[in-house]
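K.L.:
Below are the structure tokens for one structure; questions will follow.
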Amino acid sequence: MLFMAGPAASWSLRPLGLHGVPQALCAVLLTVLVMKTLVLGDTKLEDLHPQSLPLNKYLNCYRCLLETEELGCLLGSDTCLTPLGSSCVTLHIKNSSGFNVMVSDCYSKEQMVHCSYTRASPVFGFWIFYQCCFLDFCNNPDNRKNSMH
């Protein structure tokens, strides 16, 4: 039997509406796959050093790789820059039992085809809903309810 000490000992997946270990593992796998795609997807060399870019030509977005409404950002809270004409995005990963996690990031013009789009995820029983917006920090938790519909 495995025992955990510290804060991890009191963590439980029950409040998130998960009803079994397989479902929890699928949810974690799906979240990791989405985060990998967002982080490593279409990274270009000039995107790696945004400090040297003129800010008036770029949209500032909120970035969080794992977030829940109840707990806020759990992994990777940051900002990102994307050229004007692109968008900020929040992906909602949901299932029918009420599980809902979010991933927020910048989207390039080429990725904007997914805006306001719902699709099935690679993990059975989950789906992904994309929401895009076009103002500075419109996808952060405080602005999301007003700027994303």
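Every residue gets a Cβ built from N, Cα and C, even glycine.
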K.L.:
Looking only at Cys115, Cys138, which is named in Swiss-Prot as the disulfide mate of Cys132?
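P.N.:
Its disulfide partner, as Swiss-Prot records it, is Cys115.
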K.L.:
Return the single candidate from Cys61, Cys64 listed in Swiss-Prot as disulfide-linked to Cys88.
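P.N.:
Within the candidate set Cys61, Cys64, Swiss-Prot assigns the bond with Cys88 to Cys61.
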K.L.:
Starting from the Cα of Cys61 (disulfide bond), work out which of the recorded positions (Cys73, Asn95, Cys106, Cys115) are within 10 Å.
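P.N.:
If one measures from the Cα of Cys61 (disulfide bond), the recorded positions that come within 10 Å are Cys106.
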K.L.:
In the predicted model, what is the mean pLDDT computed over the domain 'UPAR/Ly6' (59-149)?
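P.N.:
On average, pLDDT over the domain 'UPAR/Ly6' (59-149) sits at 91.
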K.L.:
Have a look at the disulfide-bonded residues Cys80, Cys106, Cys115 and say which one has the shortest Cα distance to Cys88 (disulfide bond).
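P.N.:
Closest candidate to Cys88 (disulfide bond), judged by Cα separation, is Cys106.
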